[in-house]
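Student: Sharing a structure, written as structure tokens. Questions coming.
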Amino acid sequence: MKQYDCIIIGTGPAGQKGAIQAAKLGKRVAIIEKNSVLGGAQINTGTIPSKALREAALYLTGANQRGLFGSTHHVKKNITIADLTAISQQVIRHEWEVIRKQFERNGVELIWGRAEFEGPHEVRIQTADATEIIAADKFLLAVGTKPARPSHVPFNEHTIFTSDEIVCLDHLPKTMIVVGGGVIGTEYACIMATLGVRVTLVEGSNRLLGFLDREISDAFQYHMRQKGITLRLGEKVSKIEEVEIETGRFRHLVQAQLESGKTLRAETLLYAVGRQGVCKSLGLDRVGIEFDDRERLIVNEQYQTNVDYVYAAGDVIGFPSLASTAMEQGRRAICHAFGVCDVGNYNTSLFPYGIYAVPEISMVGKTEEQLTTEGIPYESGIAHYREIARGKLLGDDSGMLKLLIHQETHKILGVHAIGTGATELIHIGQAVMALNGDAEFFINNVFNFPTLAECYKVAAYNGLNKLNHVR
Ligand SMILES: Cc1cc2nc3c(=O)[nH]c(=O)nc-3n(C[C@H](O)[C@H](O)[C@H](O)COP(=O)(O)OP(=O)(O)OC[C@H]3O[C@@H](n4cnc5c(N)ncnc54)[C@H](O)[C@@H]3O)c2cc1C
Ligand SMILES: NC(=O)c1ccc[n+]([C@@H]2O[C@H](COP(=O)([O-])OP(=O)(O)OC[C@H]3O[C@@H](n4cnc5c(N)ncnc54)[C@H](O)[C@@H]3O)[C@@H](O)[C@H]2O)c1
């Protein structure tokens, strides 16, 4: 039986970064993947395909240049699925190659097959025609999650599907119902609406993306409606089925019955109400590791499960379930497993959120609602892209950046942005917050001109001017 210092299950972002870190520490490491491709949801079904589709949609429809060239501007008419997926196929192939080479260069042994625990320190790897058992001292479970697929929904992969199958559509539908207004539902609703698909979004709560600052989520809902998306908020779907409708000729449609009694019909339905773990198939009972009802694992601050030599990272441990955080969790878990404990610069309260909807949204730190609840006195400073030369050059008149500034110390408590480049722009605020900076930093700093970064200076002036009136 082959013996390793460390076995990692899953080649998504958590597994990848854990494996490279273990190799950099001079450890003998094996990483196991059950799919036929590397990279997990990040590369194959989630982050990269959805972001590539978004880029293609914005470019080919001309939507992101309409502020400059007028509302009828188009780069290509009659956009096909092939046009849209060409970019993602290129990026995906490139990413597979990058990961494969990283493993090779660092001496990480990649083993294809489905892994499950055989005993406390042994893992069985099953392929179509062989079984192998390998052993290790330490383990990292980076097995990710899969879309929730309740048995009462008649999924068929082409008209009723989850985010795993939407990337394989063979044609662009005219209409789509999106069930679930979380990050996946809102991102895809915006992408599809940009492509001219008539979208109805059904969300159980009364507000989309409730973790966002309310001013930003209100602005976002306004943008979605402006794009022609019908929002059914505070509504739940009780039944989904395929129906045959006669309108001169027979048409197959998807029908969603809402608890409120409304009936929605469309050509397609995307079901995006959250994700579900895959722990049942890992043989965890043979090691004594427990998981919750959504098959997720509980870990301590060092990413150890209840069995201390078995670590877990990424989506399998739940919130925040992002590729960005998964990578860092995987790396940190392995550092701890091999005694490297002084890994600095980690502040979970400064994790940024990036939502690649149309428009883009990003945030770091606290929202106005959180600060109010916590009794922290603050003032907001706002910059609108239309006041900034770069905003005008981009033709983005509706973007904005908001700083939340402590009333007495002027420290930055939160940054919220909606508009072009928001997910990049947020990192300036994140760095200043991490270094305990204040609004005066932005006033005194010189930014390149013309850039969106100038928003920070304008927002700081706006916030400090309001505070001057308080004094
Ligand atoms: C549509 C969509 C869009 C997203 N967009 C973003 C975004 O813009 N930004 C962002 O930060 N995050 C985004 N995410 C989230 C991000 O993709 C995940 O947080 C991230 O992929 C989780 O990484 P992971 O390593 O935990 O697991 P995964 O990426 O899910 O990888 C787990 C791997 O483990 C393998 N595996 C599972 N069980 C076994 C087994 N028994 N044996 C062997 N291998 C096994 C799986 O095959 C898979 O390859 C998005 C997700 C989705 C679905
Ligand atoms: N840009 C990004 O960072 C990004 C993008 C996509 C996905 N992700 C990750 O993927 C994960 C999964 O995303 P998701 O959107 O599937 O899940 P989610 O948990 O974020 O959202 C699910 C939504 O569905 C709603 N819902 C649940 N049941 C419903 C019903 N019966 N009818 C109507 N609405 C219902 C919930 O209220 C919730 O708003 C997230 O945790 C996220 O971190 C991240």
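Each Cβ is built from the backbone N, Cα and C atoms, and glycine gets one as well.
Note that this is a predicted model, so its numbers are computed, not measured.
What TrEMBL records for K51, D315 is FAD binding site. Positions annotated as NAD(+) binding site by TrEMBL: G180, G181, G182, V183, I184, G185, T186, E187, E203, G274. Annotated domain 'FAD/NAD(P)-binding' per TrEMBL: 4-330, in sequence order. If you look up TrEMBL, you'll see 352-459 marked as domain 'Pyridine nucleotide-disulphide oxidoreductase dimerisation'.
Can you walk me through where each of these features ends up in the structure?
Tutor: In sequence order, Y356 make up the list of same-chain residues 6 or more apart from K51 (FAD binding site) whose Cβ falls under 8 Å from its Cβ.
E203 (NAD(+) binding site): 24 other CB atoms within 10 A of its CB, across all protein chains.
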Student: Give me the DSSP three-state residue breakdown of the domain 'Pyridine nucleotide-disulphide oxidoreductase dimerisation' (352-459), ordered helix, strand, coil.
Tutor: 40 helix, 31 strand, 37 coil
Student: Any of the binding-site residues K51, T186, E203, D315 with a C-beta atom under 6 A from ligand 2? Give them in order, or none.
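Tutor: Near the molecule: E203.
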Student: Out of G180, G182, T186, E203, which binding-site residues have CB atoms lying under 6 Å from ligand 1?
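Tutor: Among the binding-site residues listed, not one has its Cβ under 6 Å from ligand 1.
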Student: Between G182 (NAD(+) binding site) and D315 (FAD binding site), what is the CA-CA distance rounded to a whole number of Å?
Tutor: 16
Student: Which whole number of Å gives the largest C-alpha distance between any two of G180, G181, G182, V183, I184, G185, T186, E187, E203, G274, the residues noted as binding NAD(+)?
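Tutor: Between the outermost Cα atoms of G180, G181, G182, V183, I184, G185, T186, E187, E203, G274, the distance is 14 Å.
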